[in-house]
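S.K.: So that we are looking at the same thing, I have put the structure below in structure tokens.
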């Protein structure tokens with residue numbers, strides 16, 4: 001039985017059908033909010049302490065949502081009163097830990113919060129590291145073969161919390177300490193594995209999503225993605241059909257300094273439109289979709305909006321779509337599965353970016369040149385009420 005211990009603000013619809021029992025609790029007030037190094041995203045992490053109140057269970061394995069299990073870890077339920085992994089040489093990690101529920105311990109922890117026990121980071125990890133300060137000196141956990149439960153505090157082998165950064169160096173696992181059972185992702189918040197853009201930047205993001213696909217699926221996000229895909233396809237079709245004829249808009253230019261500001265504004269508008277074409281689709285995609293679906297929709301969306309810019313400003317397609325081709329190429333370079341190690345992969349990405357930079361610069365220059373030519377022919381801002389005098393025939 002998996003227990004999800006959550007705060008009362010969160011609403012969970014999938015309970016019985018997923019075999020999940022949801023325990024609703026009141027948020028614990030974090031007394032460390034005014035610390036200088038406090039990070040607001042850790043404000044509610046002290047709710048983990050409620051795990052010690054689950055006295056209906058003999059052992060509880062507390063997990064963060066970014067853990068990726070590679071195999072069964074039932075032997076963890078044989079560990080003692082508190083067990084955790086040191087992925088840092090001196091500080092254990094609270095992304096996964098084993099505990100024996102106890103109301104006495106729970107009440108004592110609440111008391112320690114009230115009196116302001118030292119907490120280096122203001123989060124659950126700093127508090128628990130302060131509460132169990134001698135865990136580093138405790139023995140390594142080895143599960144008894146007879147299935148009995150141990151007493152006391154133990155250090156868990158590193159194989160139960162394999163930092164994803166260990167993988168990125170060699171693009172394979174080589175953790176000799178304990179079974180290679182659980183991957184954790186203590187990375188930057190915006191590169192957590194559930195975000196679609198985390199892959200192929202971080203290769204293991206795809207593994208996390210494959211686990212989700214096989215267990216929960218993406219039924220909640222698919223309708224939104226389908227609507228966006230249809231919208232982008234409609235935009236492409238409409239812009240192709242409504243492409244203006246430049247020859248009908250142009251006439252011979254007459255010098256007039258009063259419209260120079262408008263010309264400058266038009267150039268700025270065109271550049272900002274190109275930037276928006278590549279950024280707006282990124283923020284519209286549901287953040288937790290599968291990376292393959294997310295990147296496919298992004299490329300479709302950015303291509304569709306780029307077509308609007310191309311047609312609206314009568315720009316040459318290739319320079320405007322050069323960033324699109326560059327992004328597609330970078331995804332292919334990062335997703336390539338044949339790198340010997342992470343260093344070679346990183347150097348390949350850097351070399352690709354270095355080679356692409358001149359093409360992007362040339363594309364930008366061509367866009368600016370096209371806009372300048374367009375303005376010189378006055379395809380935009382014609383003087384209303386003024387007719388163009390046709391030249392007299394020469395005999």
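Residue numbering: from 1, along the chain as shown.
Each residue, glycine too, has its Cβ placed from N, Cα and C.
Predicted automatically and left uncurated, TrEMBL annotations should be read as such.
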S.K.: Quick one: which of 194-212, 346-364 does TrEMBL have down as transmembrane segment?
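M.R.: Spelled out, TrEMBL records transmembrane segment over residues 346-364, not the other listed ranges.
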S.K.: Match it up for me: which of 154-176, 292-314 does TrEMBL list as transmembrane segment?
M.R.: 292-314
S.K.: In the same chain, which residue numbers or ranges, 6 or more beyond the ends of the transmembrane segment (222-243), come under 8 angstroms Cβ to Cβ?
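M.R.: Same-chain residues near the transmembrane segment (222-243) but 6 or more away: 281, 284-286, 289, 293, 297, 300-301, 303-305, 307-308, 310-311.
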S.K.: Cβ under 8 Å, sequence separation of at least 6 from the ends of the transmembrane segment (292-314): give me the contacting residues as numbers and ranges.
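M.R.: Residues 196-197, 218, 225, 228-229, 232-233, 235-236, 239-240, 242-244, 246, 266, 270, 273-274, 276-278, 280-282, 284-286, 320-321, 324, 327-328, 331, 370-371, 374, 379 contact the transmembrane segment (292-314) from elsewhere in the chain.
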